[in-house]
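Here TrEMBL flags 7-21 as compositional bias 'Pro residues'. Residues or ranges marked as domain 'CAAX prenyl protease 2/Lysostaphin resistance protein A-like' in TrEMBL: 165-257. Residues annotated as region 'Disordered' in TrEMBL: 1-24. If you look up TrEMBL, you'll see 39-61, 73-94, 114-140, 160-182, 194-214, 220-239, 246-269 marked as transmembrane segment.
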Amino acid sequence: MGSMSYPPQPPVMPWAPAPPPRRPRHPEAKLGKFTWRDLITVLAYALLMFVGLGALVLFIPGVPELLGRDENAMVFAANFVSYAVSFALVLWALGPELWRSFKTFRWYPWAKYLGIPGAWLSTIITSAVIVAVAATAMGINPEDISQSANQQEASELISAMPFGLMLIMVVIMGPLVEEFVFRHLLIGKLSRWINPWIMVVVSALLFMSLHFIGKEWPTVITAAPYVVMGVSFGVGYVLSGKSIGYAWVMHAFSNFMALSLSTLLAPYLPS
C-alpha cells in the first residue's frame with residue numbers, strides 16, 4: 001500500500017492579517033473665525049430686508065411710473081433689489097469658499113444627489129403631518145386652514161410677475177443669501193463654540209421667524225413648514241461637511257419646486 005499524501009499545510013502567519021482599510025471620513029470645511037466681510041454682509045442684509053432700505057429704489061424718479069404704480073410690481077422691485085445687493089455681498093464674503101464647498105459632491109455622490117429631492121419630499125410629508133395633527137388637536141377643519149401672510153404675499157407675486165424674474169430671486173439669489181446667514185454663519189462658524197446640532201435647531205427657529213417679521217404672529221400650523229425646512233437644510237449642511245454649496249442647492253431645489261408647482265397649479269386653484 002502506497003504512502004498516504006496530505007494537502008500542504010497553510011503557512012503559519014506570525015501575525016493576524018490586517019483588517020481592511022476604513023473608508024476615510026467625510027471632510028469638513030474649516031471655516032475659521034467671523035470676518036469683517038461677514039459683519040458688513042449681515043448688517044447690509046438686515047438694513048435691506050428688515051429696515052426696508054431696498055424700498056428706496058421706488059423713490060428714484062421714473063421707477064414708479066415704469067412699474068405702472070402696481071403694488072405687486074413695486075413690492076417685487078424692492079425685494080429684488082434687496083436680494084440682488086445681498087447676493088453680491090454674500091459672494092464677496094464667501095470668496096473661494098463657495099466654490100470649494102461644491103467638492104462635497106465627490107463624497108457619496110449618489111447619496112448627495114438623491115438626498116436633495118428626498119429631503120424636499122420628506123419636508124412636505126413631515127410638515128403635512130404636523131399641520132394635520134395640530135389642526136385636529138385644536139379642533140380646526142383642515143379645509144379652514146389659511147396660508148400665512150408670507151405665503152399669501154408669495155402667491156400674489158408668483159401670479160403677478162414673470163416666471164423668469166421670480167426664478168432669479170427665489171431660486172438663485174434668495175436661497176444663497178439665507179443659507180449664508182442661517183447655516184454658514186449660525187451653524188458653520190458658531191459651531192466652534194456651540195454644538196452644531198443645537199445650532200441646527202436655533203437656526204431653524206430663526207429661519208422661521210424671518211418669514212413672519214412685520215406680519216402675523218406665527219402659530220404651530222403656519223410655522224411648522226418653515227421650521228421643518230430649516231431643520232432639513234441644517235441637517236443637510238452638517239452632514240455634507242458644512243458645505244454652503246450643498247445647502248444652497250437644497251434650498252434652491254425646494255424653492256424651485258414650490259415656484260413651479262404654484263405656477264402650474266395656479267389656473268386650477270380657486271381665486
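Heads up, the Cβ atoms here are built off N, Cα and C, so glycines get one too.
All annotation found in TrEMBL is predicted automatically rather than curated by experts.
Helix, strand and coil counts under DSSP for the domain 'CAAX prenyl protease 2/Lysostaphin resistance protein A-like' (165-257) come to 77 helix, 0 strand, 16 coil. Sequence-remote contacts of a segment are chain residues at least 6 beyond its ends whose Cβ falls under 8 Å from one of its Cβ atoms, and for the transmembrane segment (220-239) they are 26, 115, 119, 122-123, 126-127, 130-131, 134-135, 138, 140, 145, 147-148, 179, 182-184, 187-188, 196-197, 199-201, 203-208, 211-212, 246-247, 250-251, 254. Distant neighbours of the transmembrane segment (114-140): 220-221, 224-225, 228-229, 232, 235-236, 249-250, 253-254, 257; these residues of the same chain sit at least 6 beyond its ends, with a Cβ under 8 Å from one of its Cβ atoms.
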